[in-house]
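Engineer: TrEMBL feature annotations, pasted as is:
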- B:6-33: transmembrane segment (TRANSMEM)
- B:6-412: domain 'TRAP C4-dicarboxylate transport system permease DctM subunit' (DOMAIN)
- B:45-67: transmembrane segment (TRANSMEM)
- B:129-148: transmembrane segment (TRANSMEM)
- B:168-190: transmembrane segment (TRANSMEM)
- B:211-233: transmembrane segment (TRANSMEM)
- B:239-258: transmembrane segment (TRANSMEM)
- B:270-292: transmembrane segment (TRANSMEM)
- B:312-342: transmembrane segment (TRANSMEM)
- B:354-378: transmembrane segment (TRANSMEM)
- B:398-419: transmembrane segment (TRANSMEM)
Amino acid sequence: MVKTLRFICAALLAALILLPFLQVIMRDVFGSAIVGAEELTRFLLICTVFVAYPLVVRSGENIVMGELRAALPARWRHWLGLLITLLSLGACVMIAVVTAMNISDNLRNATPTLKIPFWIFLGACFIGFAGGAVFHAIQLFRPETPEDSDTHSVSL
Amino acid sequence: MGLILIVLFLALFVLGFPVVYSILLPAILYVVLEGLPLGLLTQRITYALDSFPLVAVPLFIFVGNLMNLAGVTDRIFRFADTLVGRIPGGLAQVNIFSSLIFSGMSGAALADVGGLGKIEIEAMKRRGFDAPFAAAVTASSAVVGPIFPPSIPLIVYGSVTSVSIIQLLLAGIIPALICIALLMLTAAIIAMVRGMPRADRWSTPREIGGALLPALPALLAPVLMIAGMLLGLFTPTEAAAVTAVYVVLISGLVYRELTVAHLWNAMLTTLRSTSAILIIVAAASLFGWILAVEQIPQDFSKLILTISSDPMILLLIANLIFFIAGMFLDSTTATLLVVPVIAPPMVMAGIDPVHLGIVVIFNLMLGLLTPPMGLSLFVVSSIAKVSLRQLLWALMPFYVPLLVTLAIITFADGLVLALPQLIR
Amino acid sequence: AELRYAHVGAEGDFQTRFAAEAATEIEEATGGDVTVQVFPASQLGNVAEMVDGVRMGTIQMGHHDFASLARIVPEVAVFNAPFVYTDAEHAMRATDPATSPALQEINERLIEEGGVRIIGRIYRGARHISSNFEIKSPDDMAGKPFRAVPLDLWVSMVTGFGATPTPVEVSELPTALMTGMVVGQENPLTMISANKLNEVQSHVAMTGHMQSVLAVFVNEDTWQSLTEEQQAAITEVLDAKAAESLQWAQESEAALVEELKGKGMTFTTAENGLDLDAFRENVLAQIDQDFPDFGPYIEQIMSMQ
Ligand code: NA
Ligand code: NA
């Protein structure tokens, strides 16, 4: 499953790079911009962010300021970690469920120019949070490993 | 209710909840308690990412990752060495100058620290610099990364405020150059006082040329990007795509160091970083909606404008607010949650939104260097293997040029706006 | 009842004044039983979010171009179509929810399919073409990159002008005009003045190709939860305000022409050689080709002259 996700994500990212590039070539070299290219690019971004989210949860790369927690005594840290994972799981499940319900309400909704149906990116959103929930659930049963506790929050 | 939400967010955040859940949990609670349609959750989260400018975020992250993997970084460092290695401070100057070149392709501060920073710190240690000083130079020079174009924080700022991103990117150039010059001056003074090593002689033009050639494709990337935007050939997002394709091509065809494994790794790292950042953008937009309905930004605007309507005083207030925000929040979260509250009254009072953007982002970048939540500090201290205390102590003199730069960009708006003025 | 009224208009725009004044007057007209809280400047989200918010009921009321509702009923965009109105008054008649058969027919479908009802309109001025060279006929625009609002109706219209439709975000529009990514755009004169496009554009062709009328719409469940008296009071306020907005726009247009002339812009009108008929013919032909479903509605609208 992780492998599939990775391939989908990589394909999305490649499209995200190539599409605007192609648009530049079409407009500046051939003088005819592709109608709807921006819409498709935005749409791909939405899908990319959500579909890659389970990978973020899996590798523990969510942006977090863990400094206070790291300074707590081991037992407190353990219980707080459990609470965080539990509530994170809850939030993911909630969003996933609401999104799933939303898909049926939005079956006829589509983007204005290319008429890309909404269910595709709502589906991506569902995959993102459902996948996130799965990996949070795994964390719940496999409590933090020693190296987890001193990984610093890193964001770009 | 609005204030309770903010307090709840801060509490979860400080306790070590991932930022995205620190935002989502109070928001979900609000939607449920207020009996709002649950569809609001999904709607806000997905629409927030429906933004063409934000597409530039993964593209510039990708460029930064690829440069670190495909040998571009080493060449930049070697070229900088031939240019400024003789200046008092030696490798410290090289370190600072490399950051400027690197920042012309990378849009994030921590990409600089994580990739280039490693090379810089190791080289400095080998040549006899003490580790805390090397770490301090690296951390402070990384600040220019998101000031000099390209810049992910400026793109996020532009997309939140609907300010022209091209203008924001151009506005960053002069402040970044000032900051680099002041940092180099500081390093030179410290080096002379403490008698630090430097190159024995200036490099010959031939040597400079020899190092320039390999670095040239990297040096051309920002030129290509800025010229293309100025000539109307592409938008900032397209500039990011062009740069990405360009970097893939030069690292594959010119440097021949790009392997499929590199590309694959760069893509996966990019995807995770992108998702980790933009999922916060998504969650923050839900939170922002709730704050707007609760009239928090509106009330705050009125409050600020009752304090003063003098742009200078308002800019000082903005400095204070964003300096503090930067101490506690990461730059994306701070931009998303604080800017929509603070920027409208400032702009209404006559502050140029492009100028304000540079002031805001510079403050937030300083936040990377200040405890308690200074991301750059943590990364650099772990790379250089120095304690936070040692690093902070070594950083003290470098806060001076950084704060002087902040003062200059706050008060000399003409300087900041000189380049954007060209295309107004 | 308490209504959240969202729109994307900025400070100083007529639509912002419209919403603020309408809110106060609705409160007065209903004796304080219906209060309206206005959220201008995209505070509650962009256009698409606002429309979906009104459908969903997280936002009760909003206004924007008719075409923004096309995601519910595509044909509603016909009220934005170029060259379907002879003048502003005609546009206001054709978009009157109480009397226009075309609007009523489409309103039924909006209510049925999206739970959204149009209850008023705002006149925001005629749209004209600005450029950095003189335009007298579609031939002058042939093959040149013009900014098109990224909606198919606009793309179709700009194609009808003969130009190459090129999408540009509003926030980048002045820069794109300055750098030459696009050589022209079309908007009401208020927008040209407010965004200082006169600094990057030399000419305005007074095509008046579109009458910019915005639809004021409300969530149907919310509307049905109001008493008939309240509904009548709100409609009355919005109707009076619509007439006022027409007056604001017409008064300001003449002043704006003078102001922009003073700032060095050159205006092309039918008197000095603007070939309006050529524009009308080309654009209507393109619209007819791209939107065959508009046909009957366009006939209905044109018959209301
Ligand atoms: Na940069
Ligand atoms: Na550096």
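Glycine too: its Cβ is placed from the backbone N, Cα and C atoms.
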Engineer: Are the transmembrane segment (B:398-419) and the transmembrane segment (B:168-190) close enough to be called in contact, which here means at least 3 C-beta pairs under 8 A that are separated by 6 or more residues?
Structural biologist: yes
Engineer: Give the nonlocal contacts of the transmembrane segment (B:211-233) in its own chain as ranges (CB under 8 Å, at least six residues past its ends).
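Structural biologist: Residues 63, 67, 72, 75-76, 78-79, 81-82, 101, 104-105, 148-150, 166, 169-170, 203, 239-240, 242-243, 246-247, 250, 254-255, 422-423 contact the transmembrane segment (B:211-233) from elsewhere in the chain.
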Engineer: Should anything in the same chain at least six residues away from the transmembrane segment (B:354-378) have a Cβ under 8 Å from its Cβ atoms, list it; otherwise answer none.
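Structural biologist: For the transmembrane segment (B:354-378), the far contacts come to 109-110, 113, 139-140, 142-143, 145-147, 151, 153-154, 157-158, 161, 163-164, 167-168, 171-172, 175, 315, 318-319, 322-323, 325-331, 334-335, 339, 343, 346-347, 388, 391-392, 395, 399, 402, 405-406, 409-410, 413, 416-417, 420.
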Engineer: Cβ pairs under 8 Å only, please: of the recorded stretches B:6-33, B:45-67, B:270-292, B:312-342, which one is richest in them relative to the transmembrane segment (B:239-258)?
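Structural biologist: Looking at each of B:6-33, B:45-67, B:270-292, B:312-342 in turn, the most contacts to the transmembrane segment (B:239-258) are made by B:45-67.
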Engineer: Under 8 angstroms, Cβ to Cβ: which one of B:45-67, B:168-190, B:270-292, B:312-342 has the largest number of such pairs with the transmembrane segment (B:6-33)?
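Structural biologist: Per the Cβ count, the answer is B:270-292.
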Engineer: Taking a Cβ cut-off under 8 Å, which residues six or more beyond the ends of the transmembrane segment (B:168-190) line up next to it in the same chain?
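Structural biologist: Distant contacts of the transmembrane segment (B:168-190): 84, 87-89, 92-93, 96-97, 99-100, 103, 133, 137, 140-141, 143-144, 146-151, 154-155, 157-158, 196, 226, 229, 236, 354-355, 357-358, 361-362, 397-398, 400-402, 404-405, 408-409, 415-420, 422-423.
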Engineer: Below 8 angstroms Cβ to Cβ, which residues of this chain, lying six or more residues outside the transmembrane segment (B:45-67), approach it?
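Structural biologist: That would be 73, 102, 105-108, 111-112, 115, 150, 152, 155-156, 158-159, 165, 218, 221, 235-237, 239-241, 243-244, 247-248, 251, 258, 262-263, 265-267, 269-271, 273-274, 277-278, 281-286.
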Engineer: To what whole number does the mean pLDDT across the domain 'TRAP C4-dicarboxylate transport system permease DctM subunit' (B:6-412) round?
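Structural biologist: In the predicted model, the domain 'TRAP C4-dicarboxylate transport system permease DctM subunit' (B:6-412) has a mean pLDDT of 91.
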